[in-house]
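Participant: For reference, the structure I am asking about is given below.
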Amino acid sequence: METLYSVTVGILTACSVFLILRGRSFPVVVGITMLSYAVNLFLFSTGRLTIDGAPIYGTQETYADPLPQALVLTAIVIGFAMTAYSIILAVRARGEIGTDEVNQQDNSTEGNR
Amino acid sequence: MNLLFIIFAPFFGALLPLLFKQASRPIKTGITLLVPLFCLVVLFQYVPATLAGEVPKQMVEWLPGVGLDFAVRLDGLSLLFVGLILGIGVLIIGYAHYYLSSNDDESRFYSCLLLFMSSMLGIVMADNILLMWVFWELTSISSFLLIGYWFHSSDARRGARMALATTGAGGLALLAGLLIIGHIAGGYQLDTVFAAAEQIKAHAYYVPALILVLLGAFTKSAQFPFQFWLPHAMAAPTPVSAYLHSATMVKAGIFLLARFHPVLAETELWFTLVTLTGLITMLVGAYFALLKHDLKGLLAFSTVSHLGLICMLLGIGTQAAVIAALFHIINHALFKAALFMTAGIIDHESGTRDMRKLQGLMSLMPITATLAMIVAASMAGIPPFNGFMSKELFLDQALQQHLFGGLSWFIPILATVGAMLSVAYSIRFIHDVFFNGDYKETPKKPHDPPRMMSAPVALLGFLCIAIGIAPMTMVSGLLDQAAAAVTGSPVEVKLSLWHGFNMPLLMSVVAVIGGILIYLARDQLFTFNRQFDGQDAKHNFERIVQKTSDAAANFYERLDTGSLQRYIAFVLISVIVVLLPSLSDLSVVTGGKPQLPVDMVSMVGAIILISAAFATATLHRNRFVMLMMLSVVGLVVSLAFAHFSAPDLAMTQLVVEVVSIILMILALFFMPQKTSRASSGHRVFRDIIIASFIGGIVATLNFAILTSPFESISDFFLANAKSGGGGTNVVNVILVDFRGFDTLGEITVLAIAAAGIHKLLNKLKPFMPSSDIDGRPWHRIRHPLMLTTVANILLPMAMVVAAYIFLRGHNLPGGGFIAGLIVASAMILQYIANGVDWMKERFSVNYQSLMSFGVLIAALTGLGSWLFGKPFLTSWFTYLDWPVVGKFEFATALLFDLGVFLTVVGATMMILSNFGKMTTRHRPTHEGH
């Protein structure tokens, strides 16, 4: 199970990294979002994998580690904030510059330096 | 009274001239003068103690963690310098009053001068070597302001920049040296450092420490080969030159050598480096001083030369040499300040400083000429002036050292040559300007300046004579203590004008005669030197600076191409390079924890997840499809959380997934629907390689973590959740109770992000599509009936569910985050189904306020525990009996969770409704088609 889990996280990461390396803003944002899923899964797994052990006190003998869960819960919400921010940034950039290229364009180079 | 006042008074006093900007110049001068006079009053209360051999100290803690305390001392060496800095400072302020023209802003001048004074005082009084460095850098900065005072002149700007770059670079070297010394000594207090002197000299890092400290000292004191900046600093107003280059700035390097004498000196390396540098500087400076036609240029190079002399004496380092060095520091400060002021007077009155244009001023400016002759004679080392005595001591030391073995004889000879040149340029200063034929036309007809302008010169001239005639009364007490501070043992100084007929006297006589001969032969010297013209330090310096900045710009161009793809690739490749070697051996990273068996559900989930992830990556050119695939990934991730015993995470992920996909679809409306093929096959190939490596590294790391057994701190949370936090859902108790402070931070970040988005959308002119990707116009039915109906039914149901989830959160999966997201998604559905205007009519809550209230409630709940004398965010709970409903639990954590809930609803709605509004406002209307 652990092998399967880590391989899945690895593939998810690889796909996200590939998207982040694209030259347009939209795939980059999607890549960041997917990477945050991968990161969340990764962090979650630092509490090791447990099946049928939800950390509700008094329901069973052994519990899954609640601490990574609490941290990941907030990470999910923060991840949403980040996704939202970056996507709006991308829209704004498109509105301002007129293109969704993530690389600096030569014609706008002069003005910025 | 307090020693610290001496440093702080000018530091804060620097504001005074600026505060009285509207006042007339005499008032400003008066106010400015009060500051150093006050310092002198404070100083005099400590003088008796210091002269009696005590060391008054004072300390205020500043940054004890790094060993930096605001500690000051007033030993003999400090006293000598403090006296010079304050005394000459007073004279300079008085002189500047007359010197500055009516166009000059005297407020700024006085302010910078006081700031500089404070920094200098800080250097010489610091009892902590790091503190000393702080002030050291402050002198670099404040001298930059002073040298560049006439910032409209390009020369002044360049001179200031050169001084700052050189002394600033030296300052950095000094810092490194001081850190090494402090590290070896185990502390940065001077006494600690002094106590560790033997240790430091024996340490393997002694050589780098010495070289770094010397770099600092030599750059500051313009020692060869760093002498080039000082003459260019002459672009400053003359009072600045008089101050910086007589008693202060350049003496800081000398001070450093003296201060660290007990710690670093008396080794072969110190002797060789310091003595030879001093000797070379003395000769080079004296030679160039003779060649300069500019009065201030002559004085600048003569300063370089005299600093070399002092440096050489400190290099020799015997007790007598140290006394000679300290004595010459005083003498040089006196006559050099006076000479600079004289040069300023001549410039001020005649309109030129060029010795080729000036001659025969004796008849027009008799007083100035007399004063100039006195101080110039002191510089030349003519009896009975003070300069004579220190030069005799210097020549005596040059004779007595035997440090170069059989070659030691060349030092006294070269010292005599230096003295000769010194005589020659002193004669030139006087003869060329005041005699040398009759008066020749100058830009202004000169006459003696106002009496108060020459008064400082007269006072300094008087001191030169007084010290020369009665050295024991004037300075021996001070020199005793100063020399004791430098050598580290008690000293008794014996000075007298007449030493009898001996070798040094003979050398002096030779120097005077030789000097006169050199002066007479000066024209040949000028002709000889003309072949080296064009070798200007300024041009060399500028060229080096230019080349360096070109190289930096070139490097920057190559590195910063403006390509995000490149940056990310660069970062990722670095990660691979650093991590790969240590992770390559799988057997090392495999831990001993037995693996769980793979079940069918996990297998299917993993396959779907992997396929969806691949689809997201490969189908990215069709953006809508990509989003759909992404949502599959998100859903399976939430199922994975559910499967691995994390119900709270599963619920959160599920709702966040919905909200983010909606947001991205909204964004897609403003973006191109498809990505054209932009990347070359080569780049795609490269990216696939990078991505695979990163994926592999993450997988390996994850595998290593998952298979290693571990001890967690979570047992504490499990054991105390019910008894301490009053809830059975441990995750929620951690969020709102144990780690509540983290959560408060998280919701604040969320609120900030939402506010940032609000600003980003402000005045945005988005790119508006008029039709979908295939050119079809938007559908004329904007709000489909079916969706509207379902959404309307769903809203109250969602509210109830959210309330339930919220309330049970403390004990069962749920809580503020999840409830907030559920409410938000139900409301978003309303927006989608009915439109922004429809919602606005019925629901007019300001989301910003909602969000702010949320953060406020959470924070106030935390603060509330202060009322009960408990630390921030301590929670409290009890069980209440409510008729009909029965016994239920109430916890303050619930209030905190309410804050979380409101923030999440507010922030999410703020992001989406603001954004959604844009689509509505700009959507082309097709009603009535």
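Just so it is clear, glycine is given a Cβ too, placed from its N, Cα and C backbone atoms.
TrEMBL annotations: computationally assigned, not manually curated.
Bear in mind that the values here come from a model prediction, so they are computed numbers and not experimental data.
Below are the features I grabbed from TrEMBL:
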- B:6-23: transmembrane segment (TRANSMEM)
- B:66-110: domain 'NADH-Ubiquinone oxidoreductase (complex I) chain 5 N-terminal' (DOMAIN)
- B:77-96: transmembrane segment (TRANSMEM)
- B:108-126: transmembrane segment (TRANSMEM)
- B:126-404: domain 'NADH:quinone oxidoreductase/Mrp antiporter transmembrane' (DOMAIN)
- B:132-151: transmembrane segment (TRANSMEM)
- B:205-230: transmembrane segment (TRANSMEM)
- B:402-425: transmembrane segment (TRANSMEM)
- B:457-479: transmembrane segment (TRANSMEM)
- B:596-617: transmembrane segment (TRANSMEM)
- B:609-673: domain 'MrpA C-terminal/MbhD' (DOMAIN)
- B:624-644: transmembrane segment (TRANSMEM)
- B:683-770: domain 'MrpA C-terminal/MbhE' (DOMAIN)
- B:684-706: transmembrane segment (TRANSMEM)
- B:786-910: domain 'Na+/H+ antiporter MnhB subunit-related protein' (DOMAIN)
- B:812-833: transmembrane segment (TRANSMEM)
- B:888-912: transmembrane segment (TRANSMEM)
Participant: Could you pull out which residues elsewhere in the chain have a CB under 8 Å from any CB of the transmembrane segment (B:205-230), counting only those six or more residues past its ends?
Facilitator: 136, 159, 162-163, 166-167, 169-171, 173-174, 176-178, 180-181, 183-184, 245, 249-254, 256-257, 260, 264, 267, 269-270, 273-274, 277-278, 280-281, 284-285, 300-301, 303-304, 307-308, 311, 537-538, 540-541
Participant: Residue list, the transmembrane segment (B:77-96) vs rest of chain: Cβ under 8 Å, 6 or more residues beyond ends.
Facilitator: 6, 29, 32-33, 36-37, 39-40, 43, 46-47, 50-51, 106, 109-110, 113, 117, 120-121, 124-125, 237, 239, 242-243, 246-248, 251, 255, 258-259, 326, 329-330, 333, 337, 341, 344, 452-453, 455-456, 459-460, 478-479, 481-482, 485-486
Participant: What residues in the same chain, six or more past the boundaries of the transmembrane segment (B:596-617), come closer than 8 Å to it by Cβ-Cβ distance?
Facilitator: 625-626, 629-630, 632-633, 636-637, 639-640, 643
Participant: Please give the sequence-distant neighbours of the transmembrane segment (B:6-23): residues at least 6 beyond its ends with Cβ less than 8 Å from one of its Cβ atoms.
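Facilitator: For the transmembrane segment (B:6-23), the nonlocal Cβ contacts are 31-32, 34-36, 38-39, 42-43, 72, 82, 106-112, 114-115, 117-118, 121-122, 125.
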Participant: Looking at B:108-126, B:132-151, B:402-425, B:457-479, B:812-833, which one has the highest count of Cβ pairs under 8 angstroms to the transmembrane segment (B:888-912)?
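Facilitator: Of the candidates B:108-126, B:132-151, B:402-425, B:457-479, B:812-833, B:812-833 scores highest.
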Participant: Can you give me the average pLDDT across the domain 'NADH-Ubiquinone oxidoreductase (complex I) chain 5 N-terminal' (B:66-110), rounded to a whole number?
Facilitator: 91
